[in-house]
Every structure is written in C-alpha cells, then in structure tokens.
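To start, the structure under review is shown below, and the notes come after it.
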Amino acid sequence: MSNKTRRRTAGGRRWMVLGCGSVSALRTMKRFFQVVPSPKQVAAGVVAVPPPAKKPKADDDVGPVRDPLSFITYNCNSLFARASRQQLESIIQYVLDEDPDMVSIQEARLPALKQGGCVSRYAIGPYLHYWSLADKGTGGTLTLIKRECRPDRIMFNFEQEREPHDSEGRIFIGTFRDLTVFSCYAPNNGLSEEHLRRRELWDYRVMEFVRQMANSGRNLIWMGDLNCAPSNFDMSHMGFFKARKQPGCTDLEQERMRRIMSAGRLIDAYVATHPRYRQTVGVNALHPSHTWRGNDAGMYANKSMRIDLILVSEALRDRLIYCESRGADKWSSFMGSDHCPVKMCLRPPSPTTESTSAEQLPDPQ
C-alpha cells in the first residue's frame, strides 16, 4: 500500500499527518489512543465526536494521599515511532513491572488536542495521566502519577509565564505535600544562534525557578532529559564531543548547569549514590551511567553521554536509596529510543519532618 493510499484510507486523520507510517502502527496506536476529529470535520458531519476517555476514580475513592518515593525519567524519542516499531507495549510493560510512583516521558511528539489529535484511551495501570503537547517540533511530555500520590497542584509552565502550557510542551511541575517535582524536556543547545539563545533563556528560567524553590525551603526533584552532560566524566569520548562543540557537552552549558545546581542547592542523585563513579568512567559507550547512545553506524557509533538526570535538593541526600540508568548496557532496554530510562528511589520522610503544604508556599515575587 502506497503512502498516498494510506493517507486516503486514514480519512485525513492525524495519524498519517504525524508520520505513523504503516497499517500495523495505526492499529497499535488505536489500541492506546483515540482519534479526535478536527472542528471542521465535526461541523461538516463527516465524523462524530468520540466518547470521552475513561476517567480515573474520584479522589474520594483513592484513599490517603502520600508523596511519591520512586521516579522514572525516559526520553521515548516519539510515541508514534515506538508504536510503528511495535515497542509501545514494551514501554507500558516496563512501567508496570518497575511500578514507580511517578514517570516522566519526554519527546512524546503527539499533537496538541486543541487542533485535533489524540487523547489517552486506556489508562496505564494505576496512573493519572498529565499531557503537555505541541503541534510542531520534537517536544511534548507525558507525566504519570499514581493516584495515591496525586499532587496538590500542577503546572505546565513556570508560574511567571502568561501561557498555561509551555509552547513546546516541555514542562511539568507537581506540588506535593513535602516536595515539588519539576520534570522537563530541555531544549537542545544546537549550533545556530537562534538555538543557542533559546537554550540560554531556558537555563535562565530554570535557574530562577530552582532558586525560588530553594529560598522557599521546599524540597525539589528535577528530572528529565536535561540535554547537558554535567561534567567531562559524563561523556564517553570527551575529545570527540568537545572538538565538534557537541550540544550538551560545551563548556558554557556545563558552567550554566553548575550555576543552576548551586542556585537550587541541588545534587546529582546518580553521583551521590555512586561515590566512585568518576573513578570508573572511561572511553566506554556501555558504561552504566550513560543514558544516551549514538546509532550503531556513523560517527556516533559506540559513543554515549549521560544527559538524562535526576537532581534533588541537598536536604534529600540522606533519603536516597539508589539512582540507576536502567539497562544502559544493552540496546533492548532502550526500548527503541536512543535514551534509556533512569530510576531513583527515596526513603520515606522521617515522622518528625515538618511538611510544607501547597497552601503554605510563598507567593512568587
């Protein structure tokens, strides 16, 4: 079947527009997502408005609420691509097997609902789903949170911004009883002047946010594809990456990352739980710490970086149990992406720890 035939068969729906390039992929996507017609199609009577997605249980049915203790961050490199390669079910099964309290998925590459696209049809286990999407570019995030860990407040942009969602769907901020979780898909530094300025502005906005959290006394977890290797130890071939001015590896990006961590009083959870980490890294693409890996062929073959990170407030250091890159030593654990998941677990807070509820947060200046 030709591409033109597939597009006609899909009836102009968003599947083909977004590049889901096979009938099998379309079937897979239909199992997990529901096609939403455009307003013009509804007005013309071409298609009917589909029934709403299944709603989660009411809050009253969930029981006591607790803070999340286990976290996963994963850049899936397009949910459509994972579906077209029969990998979406593997991702869902991975989440169910690991059973984290919170999952941050970046680079969803699904269309924003406001212009006709997809909405979740089937819930993934016991999770609430929070989408922030964009119609253009490689952005878009999905955050999964267990119902018993539902946040007091959520935002999809920094509070001082006018729009409720980041224009590229890169941000999720959840306020829980004793901590705030900021998950994101940081923009690539790129090589053009436009992209360099975009990343500088992003870093400035993040620095102001983490500084505000630190000054408020709130514990913060910042996780996601941060698109920056924090130090030269976090790349397999430092000379290669530095010579090419590889985005994520430049001196300026690393310096800004250090300043952000200092402003937010943040520590790297992986480094904190692996005190001998920097003594073991070398020119080895299969090092357990590395979360991004180049393709098998071409100049990036067997080269890797650690750019998917989980950073936590210094006050959470004693509660860290572990932080691991999950399966960085074998391609199958990447589940089709060029990134592998990272998982972190915390001990429950001490009973004597005082909580700072969302209502006690200071108003932003």
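Residue numbers in this text run from 1 along the chain shown.
Using the three backbone atoms N, Cα and C, a Cβ is placed for every residue, glycine included.
Automatic prediction, not curation, is the source of TrEMBL annotations.
Positions annotated as domain 'Endonuclease/exonuclease/phosphatase' by TrEMBL: 72-339.
A coil conformation is recorded for Asn227 (Mg(2+) binding site) in the three-state DSSP classification, outside any helix or strand. Annotation source TrEMBL lists Mg(2+) binding site at Asn75, Glu107, Asp225, Asn227, Asp338, His339.
Among the features that TrEMBL reports, active site is placed at Tyr185. There are 27 other CB atoms within 10 A of the CB of Tyr185 (active site), with all protein chains counted.
If you look up TrEMBL, you'll see Asp225 marked as active site, proton donor/acceptor.
The site 'Transition state stabilizer' annotation in TrEMBL covers Asn227. Within the same chain, residues at least 6 positions away in sequence whose Cβ sits under 8 Å from that of Asn227 (Mg(2+) binding site) are Ala186, Pro187, Asn188, Asn189, Arg199, Pro247, Gly248, Ile307.
The secondary structure of Asp308 (site 'Important for catalytic activity'), as reduced to three states from DSSP, is extended strand. Long-range C-beta contacts of Asp308 (site 'Important for catalytic activity'), restricted to its own chain and to partners at least six residues apart, with a cutoff below 8 Å, comprise Thr73, Tyr74, Asn75, Gly224, Asp225, Leu226, Thr291, Trp292, Ser325, His339, Cys340, Pro341, Val342. The site 'Important for catalytic activity' feature in TrEMBL is assigned to Asp308.
Within 10 Å of the C-beta of His339 (Mg(2+) binding site) there are 24 other C-beta atoms, taking all protein chains into account. For His339, the entry in TrEMBL reads site 'Interaction with DNA substrate'.
The DSSP secondary structure for His339 (Mg(2+) binding site) is strand. Residues or ranges marked as active site, proton acceptor in TrEMBL: His339.
If you look up TrEMBL, you'll see 346-365 marked as region 'Disordered'.
The CA atom of Asp338 (Mg(2+) binding site) is located 15 Å away from the CA atom of Tyr185 (active site).
Considering only the binding-site residues Glu107, Asp225, Asp338, the Cβ with the fewest other Cβ atoms within 10 Å is that of Asp338. Cβ-based neighbour count (10 Å, all protein chains) for Asn75 (Mg(2+) binding site) stands at 27.
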